[in-house]
């Protein structure tokens, strides 16, 4: 009979080549037997390896890293919450420096007419902070490079680029100090967004997908450029008037004076920003000229631009599925690696040879894994349901489905009352119809506020009589407080606070109560002709406005009560959570273009003469121009102003005003910058975002019934995450694929 103390046999061996040292300790531990005096400590090392593999599987991380004891300690330290928080804060800090370093954004307004001289930090202040951030990044890339090993480092383009960016940034930083912060250009400011991109795997995947979409987008862009050129030439030939005062010549002088102007006019018309202004001079003279602009808009705006959206959507259709498929493979691979480390081979007379993981071993490893207690408890219950038998590979993989479930906390028990009257009151005030009554009252409050806003729209604040509205608000707020107290009575304070909707409702009710008490304490009780003088920090009108804004905001409490609206709202929240990578891409392009804009256009917009008046005379400026519209705050004199200017151009409303103004202030080549920004932001990024929203929303909307069948009603124990929601359409990797992938691991090698 086999010795029961030696029931298991190792499954992992020593990796050949240069990575043998990294795996030697781990393989020796997994190859040990109980009779070895050091077997206990080496078996603990195997537990540590399994712990790391499980944490990699939970976080969808790659397992291609060193697995010796020292490297695993460094690896877990690097991915600890503290270290990741420090790294995230460092990235935020180095990006935020653009707001305070020269040119500083620390002014109350960006308007060049009223802006005070900005505060310029002394040389060495922001440079010291930036130097500390760069040191953190040096430590970050050093740790990453060590953990993946030299062979993997040479193949990892992101790590190589990380090293290059750091070297260039450090050299530029040294030059800044050497020139006493007087250098005309800081190259490292353009490179800062790279630190954000390299720290996000989703942003890397998004960039990869954008790169793969460029050929298809370029074909449509070429067709769009051809469309613009043909209609530009046609327009310049068409609008050549014989008389100086006819509609044709007015059209030519305003919009088709030369080739660049004509091209710009039609490019802006492609976004419909100057429609119908660009058509009006010629159309006023002859109806037939409208055909030219209508045909151009139909082909360009309604066909080619939408075709571009369709191409981007087609390219990214299934993007979420591909991303989830990759995440699923990483999870299964990490789980399989942990299984291989913990597996034992049993031999006995009554049972044939079996390979599996002892539940006690897995629970011991689970105790060391960084995971919240709720998920740990769920997994423990799942393991216990299998009994004392060895866990097979399939059963071991199924345990990891529990990580995708977001545990919904059970609501505390309600108070128990002995009196039949109190029991009836508790049933009444905890019923959903009581919530419906509260929603109806909130709707009435909102309607009353709306009515008074319409009635007093033309009345100055100091001439308004807020007596009736003040009385109504007092009554409604008293009801809100009463509703809060009755719900606390019915559910108990812990039960009341366990509902997120009650937290939202209760917090706003308390705020409204405090504001109302403050108003009554300062301005007394409402009465006819209630228009007291301003006392304290806020006038009566300001207090009333603040109360009404919170009342309007409180009306959002109806969302959970309407199932269809609740589904849409939850979908929007899930989109926000799962679209962080695309928001990060937007931050990157905004940051880069803002820094470029500051270097190109800083100081070109100059305040007009006589800017000491708060209302300078702009009657001499052409109608619709930058000066006549008083767009003086849209400039690139500091980082914050540049961001707002780029936002206004991305929206493309009146963006022809910016094109014309910066052409006059800085030269005709400025149009290239704005057109490039329009292509990147409005054409590529917005269409990409639209495609991803459609992809995500359609899948979630079509599968909401499936979600309810999996998660049940609100009283169930779990709520499914997006990954688990799509799990039924993902392809599970086969055992052969997992073993094959593990066999190519740079720091371990399977023995079987």
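Cβ coordinates come from backbone N, Cα and C, glycine included.
What you are looking at is a predicted structure, and each value in this text was computed from that prediction instead of being measured.
Of the given residue ranges 436-455, 536-555, 556-575, 616-635, TrEMBL assigns the label transmembrane segment to 436-455.
Looking up the ranges 109-132, 133-156, 157-180 in TrEMBL, the one annotated as transmembrane segment turns out to be 157-180. Transmembrane segment is the annotation TrEMBL gives to one range among 200-219, 220-239, 240-259, 260-279, and that range is 220-239. Check TrEMBL against the ranges 371-391, 392-412, 413-433, 581-601 and you find transmembrane segment recorded for 581-601. Between the stretches 2-27, 28-53, 288-313, TrEMBL puts its transmembrane segment entry on 288-313.
Only sequence-distant pairs (6 or more apart) were considered; of these, fewer than three Cβ pairs between the transmembrane segment (77-100) and the transmembrane segment (672-694) are under 8 A, so the stretches are not in contact. Counting same-chain residues at least six beyond the ends of the transmembrane segment (288-313), those with a Cβ under 8 angstroms from any Cβ of the stretch are 213, 216-217, 220-221, 223-224, 227-228, 231, 234-235, 238, 247, 251, 266, 269-272, 275-276, 278-279, 282, 683-684, 687-688, 690-691, 694-695. Proximity of distant same-chain residues to the transmembrane segment (157-180), defined by a Cβ-Cβ separation under 8 Å and at least 6 residues beyond the stretch ends, is recorded for 123-124, 127, 130-131, 134, 137-138, 141, 144-145, 148, 186-188, 191-192, 194-195, 198, 204.
Here the domain 'Ion transport' (90-316) has a mean pLDDT of 87 out of 100.
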